[in-house]
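Q: What follows is a single structure, and I will ask about it in a moment.
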Protein chains: 2
Amino acid sequence: MSISKPSIPKGTRDFGPAVVARRNYIFGIIRRTFEKFGYAPLETPTLENLSVLTGKYGDEGDQLLFKVLNSGDFLKDVTADDLANEDGKATRRVLPKVAEKGLRYDLTVPFARYVVMNRGTLVFPFKRYQIQPVWRADRPQRGRYREFYQCDADVVGTDSLLCEAEIVLMMCEVLNALGLTDFTIKINHRGVLRNIYQALGDEGRESDLFVAIDKLDKIGRDGVTKELLERGFSTLASERLFALLAVEGSFTEKRQQLQAAFGTATVPTDSPDSYKGLQELRQVVDFLSGFGFEQFQNLEFDPTLARGLSYYTGCIFEIKINNVNMGSVSGGGRYDNLTGAFGLPGVSGVGFSFGVDRLYDCLEELNLFPEGAAATTRCLVANFDASSMAAMLPVLRELRAAGIASELYPDAAKLAKQFKYADGKGIAYVLLQGPEELVLNKFKLKNLRTGQEQTLTLSEVVAALA
Amino acid sequence: MSISKPSIPKGTRDFGPAVVARRNYIFGIIRRTFEKFGYAPLETPTLENLSVLTGKYGDEGDQLLFKVLNSGDFLKDVTADDLANEDGKATRRVLPKVAEKGLRYDLTVPFARYVVMNRGTLVFPFKRYQIQPVWRADRPQRGRYREFYQCDADVVGTDSLLCEAEIVLMMCEVLNALGLTDFTIKINHRGVLRNIYQALGDEGRESDLFVAIDKLDKIGRDGVTKELLERGFSTLASERLFALLAVEGSFTEKRQQLQAAFGTATVPTDSPDSYKGLQELRQVVDFLSGFGFEQFQNLEFDPTLARGLSYYTGCIFEIKINNVNMGSVSGGGRYDNLTGAFGLPGVSGVGFSFGVDRLYDCLEELNLFPEGAAATTRCLVANFDASSMAAMLPVLRELRAAGIASELYPDAAKLAKQFKYADGKGIAYVLLQGPEELVLNKFKLKNLRTGQEQTLTLSEVVAALA
């Protein structure tokens, strides 16, 4: 073995015990909520065939896929000509010859692949959740990693807007359980955006409009106007747009104002789908009312919410934690053709995802992790010498039998060192049996947080720690 | 998007809901046991630098590492000459130019890297467990995958044999909790193997001896003898070997017989380490007695147990489930120089690992998965029509508030279809409110396993399902 100075790839992280415990606290709340709503776990491989991944995330996505070299003699089909030909296409020419697998880029495409491969045996509607890491060869920066977890829940095989309403319930349940209270769930519908586009008089390109609207938060009205003009929209269209976006009030009031505005504009009214967006949003709100939903103050109809439009076709969602300066911690929406790329068209579904790294940062900034979330061993049993060590073995056995995570310091080191160990590991209690306690057949239990010491029998110790 | 027929790479697997739930049942028992003994969770990245991985697993291991292509123009440093030069070394020449990262091959090397990188802040002894997938570009076959989970627990920074004794306890606790009873924990010590080697009169090479001994189970005494002769051992040495391995009886009896045999053979007695192996095994057994260990019938001192000797230096372990035809489900041992490859010599540690795929197969073969282990949703609420759907929303809310995983069928489909859904998903109960029950303000609760139906109030339903 050669000696190497160890490092980890940029954009990746080691998670030490305290961080894993806190992350598991978040994962646990998300998992329990998904399961309570009937979503079942799915796990797909880290390695996917590039034929599955490529072309699903746009050109930029294809660039950001991590590709895995074929094993063995990966160069066997590559010729010197492939490289010598200086047409700038060598990489594109060689890639399919040296790599046929890549790393999972998101959880949605593997989910679609799974549904198509197992469509004969799955029962629909199929409700699955998936909590696994994904990899992107993005430039690492603060808060952006090359390896990070996604937590997705999706249901496919039903158009029912019950699913959308339950997504709002799940979002609230997770955030409430995490102690986050000051949040806004923004909701919109692709149909509303289409109506807005139609109301502008059909100028320019639809996607240009949405790209510009999506930036409203960042660049303001003037910036968006400038961008619209650059993209070929008229001043009139821009003015109409801001008139439409200026709707105010409750969910219902905004819906009514928009519907009225669409009616006086150029939105065609002859199609049954004309106001599908507004109608579906209303149905979602009705379902929520039926559930006795009590957090309407956290739900905002935002006609400017656009998200990744190439993909979504119905309701779209996004959550912002208001008292933390951070992007959205969750988002999702309905899509009509997720499995079309794998030859199974017409499967409607809706899904959403939590960003666990951002949730973690929010909880940390707001000091919302409960004390126990980082806990490891509850009790360290001190080791005085070989004979004390032998005497402590049945004690240790009894603690563990009561479900108390415990350990005996493995060597008869100085007590100061043993206490330092407990402290460094975040252990709450140290149990000691020195000569005084031994005579009494008792133990000294020290709480390292409060400094409090008690002299107790073993069964009292178990009762105090259990 | 182009349409592609989806597939997954050979040697990888999708885990559907029922399988994930059963795997999580196993992971949960392992995790709780590790934590009860004071081991804390660590997670390391999937991507490691090849400088960390290469040279740690032998030449064969280097071949089996999955390498990840550098992102962007990965060919930028590769010349046509690299390929044109037909000296058979093109792959070796090109590899470092196109790939600097690889996939985690095991959990031990990343653990050693982590310890070295964080040695300034960790408290020692450092006890960590790690449950994560690893990847090997092995030829896939029955029971051998290219992507599979390992479950490791290791402690570094102490020589105490308490750790070895607790490994035996943890192994038993996990197997007992899984309902596996007919198992054997084989234990040996590298020092015993060294003594055996010395007792043969120092002929041949040590590693040749151990490779041959390791095959005793498979090829029998005659096969091992043949192989020893081929490897340059004398007939006398082979006879001495089998005399030594013929020890019988309890742990203590075998130990005493071996010690006597070593004493009359050529084992040097002037070194304090002469019988270290036997002495340490005795100490481990004494610790176990001190714990009140009651499963000595499952613990066997096997002087032929060799395992990966390049690595281990002290006690070694292996578990075999006796009533299932399968390799070992767990193994481990003590090592003296795990972190040496990263520039931190002299750190002693001991660890072990469970093979979750094999445990899964054992439980399945012996029908030991508890019924609840595959459970998902507990109750499906039937959907008759839009007005019944609205009436069921508060019911659903109440069930979930009581922690009962429940779902409302999202569409007013035929009841037969809804029952088929419940059945396909393994849901135990269906709750219905037809016109008759509605009049009574009651519900019909049907147990799909027994076929039993009860007419109950909502609070009775909650009590029955909670």
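Note that Cβ sites are derived from N, Cα and C of the backbone, with glycine treated the same way.
From TrEMBL, for reference:
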- B:1-394: domain 'Aminoacyl-transfer RNA synthetases class-II family profile' (DOMAIN)
- B:Asp106, B:Leu107, B:Thr108, B:Arg136, B:Gln150, B:Asp154, B:Arg307, B:Tyr311, B:Tyr312: L-histidine binding site (BINDING)
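Describe each of these features in terms of where it is and what it packs against.
A: Averaged over the domain 'Aminoacyl-transfer RNA synthetases class-II family profile' (B:1-394), the predicted model reaches a pLDDT of 90.
Contacts of B:Arg307 (L-histidine binding site) defined by a Cβ separation under 8 A and a same-chain sequence distance of 6+ are given as B:Asp214, B:Ile316, B:Glu318, B:Gly331, B:Gly333, in order along the sequence.
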Q: Could you tell me the maximum Cα-Cα distance in Å between the residues recorded as binding L-histidine, namely B:Asp106, B:Leu107, B:Thr108, B:Arg136, B:Gln150, B:Asp154, B:Arg307, B:Tyr311, B:Tyr312, rounded to a whole number?
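A: Answer in Å: the longest Cα-Cα distance is 22.
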Q: With every protein chain in view, how many other Cβ atoms are within 10 Å of the Cβ of B:Thr108 (L-histidine binding site)?
A: 22
Q: Translate the DSSP assignment of B:Tyr312 (L-histidine binding site) into the three-state scheme.
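A: Note: B:Tyr312 (L-histidine binding site) is coil by DSSP, not helix or strand.
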Q: What three-state secondary structure does DSSP assign to B:Gln150 (L-histidine binding site)?
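A: Reduced to three states, the DSSP call for B:Gln150 (L-histidine binding site) is strand.
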Q: Can you tell me how many other Cβ atoms are located within 10 Å of the Cβ belonging to B:Tyr312 (L-histidine binding site)?
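A: Counting Cβ neighbours of B:Tyr312 (L-histidine binding site) within 10 Å gives 23.
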Q: I'd like the Cβ neighbour count for B:Gln150 (L-histidine binding site), meaning other Cβ atoms within 10 Å of its Cβ, all protein chains included.
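A: B:Gln150 (L-histidine binding site): 18 neighbouring Cβ atoms within 10 Å.
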Q: List, in sequence order, the same-chain residues at least six positions removed whose CB sits under 8 Å from that of B:Asp106 (L-histidine binding site)?
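A: Those within reach of B:Asp106 (L-histidine binding site), by Cβ under 8 Å and sequence separation of 6 or more, are B:Tyr57, B:Val134, B:Gln150.
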